[in-house]
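Feature annotations, courtesy of Swiss-Prot:
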- ALA167, PRO168, THR169, GLY170, SER171, GLY172, LYS173, THR174: ATP binding site (BINDING)
- 36-53: compositional bias 'Basic and acidic residues' (COMPBIAS)
- 64-76: compositional bias 'Basic and acidic residues' (COMPBIAS)
- 154-335: domain 'Helicase ATP-binding' (DOMAIN)
- 346-508: domain 'Helicase C-terminal' (DOMAIN)
- 15-106: region 'Disordered' (REGION)
- 536-569: region 'Disordered' (REGION)
- 123-151: motif 'Q motif' (MOTIF)
- 282-285: motif 'DEAD box' (MOTIF)
Amino acid sequence: MDIFRVLTRGASVKKDGKQVDFSRVQSQRTARPGQRGKDEDEEQLSRELDFFRTRRSVPAAAERPAEETGDAHRDETEQDEGAEDVAPPPRITTAEEASQLRRSYRGKVTGADAPLPIGSFEDLVTRFKLDKRLLSNLIENNFTEPTPIQCEAIPISLQNRDIVACAPTGSGKTLAFLIPLLQQVISDKAVGTGVKGLIISPTKELANQIFDECSKLAQRIFLEKKRPLSVALLSKSLAAKLKNQIVSDKKYDIIISTPLRLIDIVKSESLDLSAVKYLIFDEADKLFDKTFVEQTDDILSACSHPNISKVLFSATLPSSVEELAQSIMTDPVRVIIGHKEAANTNIEQKLVFCGNEEGKLVAIRQLIQEGMFRPPVIIFLESITRAKALFHELLYDKLNVDVIHAERTQVQREKIIERFKSGDLWCLICTDVLARGIDFKGINLVINYDVPRSAQAYVHRIGRTGRGGRKGTAVTFFTKQDAIAVKPIVNVMKQSGCEVAAWMENIAKMTKREKEMIKKGKAFVDRKQISTVPKILKQKKRQQKEMIEASKKRKLAQQAGDASEEEHA
């Protein structure tokens, strides 16, 4: 098909300079021998735009029986309900085809009786009778072809199997668990049982994002007695309403929450999770580490349905976390796309040696001068104090910048994220609070101002760029103090297919002692304050502060002495 002819259709002008009157019906021209007619051309265009092959083939009016054409006022909705979709055959039908598809995206699937992957979203209609309204919402949101993790995870989930899934950042993991979750809730015939699906996220920002995506796919979907499918984010206000019994927990089909808030509401007996059949842990490596593992255990205890399906998704999957996760599952299927410790291959990764802390500020200003600082940019630091300090330093460079961290209120964080997404902010300085799952469109550059504390943290940080098939760049600054901490990052770069210089190869080799130091967090040191103030000025300020404090102490001592003299007198 000539795409230029299609794009210019309706834009032609008559040779005499007069515009074509498109309000009149044009007479149908007869196609020359060897050429397609207009109807054939339109039919081919329709077929190419019908991604999911859901369009019904309706005969032309001239070819219909007389009694069929005579009923001009027939209700279209009745026609839709009466007609049956003829779904196309699935693209993947044999184990050999599945193996070939998996080789194309380096996918590894292990587990008893793992189902074949899907080759397209059309396969969901053929193999699993995907709900028409859910399919329509997918089309409206421009989801036309499944990503590798979606090809594998969706059919496994639709067979109610437990999953441990690992795929690179920005590879479509959210959709991989939302599509089967919504389909299973729609298919569930149980009425008035309460929450059926539960999604756990380690951060509020990620929970918000999942809620937005789930709400888009759940639009205009009705369950029993024309009740709309209800998705809720367990916010502070909703938690208060549940505690005060202003709303019933039976009202919601799917709830998305962070662990601590969910445990709090469950312990108050305001939310019953005994009917949950589909439990999803997003960013499972974080939820199963020592920070959240107790809360995760409490959630698993509250979800007591005998036929519950557990699904775990993450961009990184350490062996310790995987062992713990598999211990709570029944006959799970393990899905790995690429390497479980590798970063997204669309990201160009760089290491920059800065010598010391002062050199980092020089390096970031050099990036700005050389034109490598192309907005939008995210800069990660290891602490709130350092994030604030860098924010004040970059304000002097007249950058359109803001900072986000755990000390900001939820409203402030949401406003900053909205401004960054809309382009009002060019640069966002943050801690690891934004390192996981948040999908910012078109991030060009990620800067690790401080070396991440683990290979997993590094993969999640740089995963804010290179999402959805786009290219991105990640730059990591390191100093002499980071000699050990930078070694896991070099290994991630090698596994991701990045070019690694000879000097990097040498520092990448870790001894057993160094591995233990990194695991225990002893490879990381206390860093100096971020500042360009000269040392002599800092010393003067410190001396001035000491003088003021000494003066205050003398005054207090004098006042205490005067008071004791008055008492004796």
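Positions of Cβ are set from backbone N, Cα and C atoms, glycine also.
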Lowest local Cβ density among PRO168, GLY170, which the record lists as binding-site residues, within 10 Å: GLY170
Folded-back contacts onto the motif 'DEAD box' (282-285), same chain, C-beta under 8 angstroms, at least six residues removed: 164, 173-174, 177, 199-202, 206, 210, 312-318, 321, 325, 436-437, 456, 460
Chain-mates of ALA167, PRO168, THR169, GLY170, SER171, GLY172, LYS173, THR174 with C-beta within 8 Å of site centroid, ATP: THR147, ILE149, ALA176, ALA315, ARG467
THR169 (ATP binding site): secondary structure state under DSSP, collapsed to three categories: coil
Among ALA167, THR169, GLY172, LYS173, THR174 [binding-site residues], residue with fewest other Cβ within 10 Å: GLY172
DSSP helix/strand/coil residue counts for the motif 'DEAD box' (282-285): 2 helix, 1 strand, 1 coil
The motif 'Q motif' (123-151), counted residue by residue under DSSP: helix, strand, coil: 19 helix, 0 strand, 10 coil
Protein Cβ atoms within 10 Å of SER171 (ATP binding site), excluding its own: 22
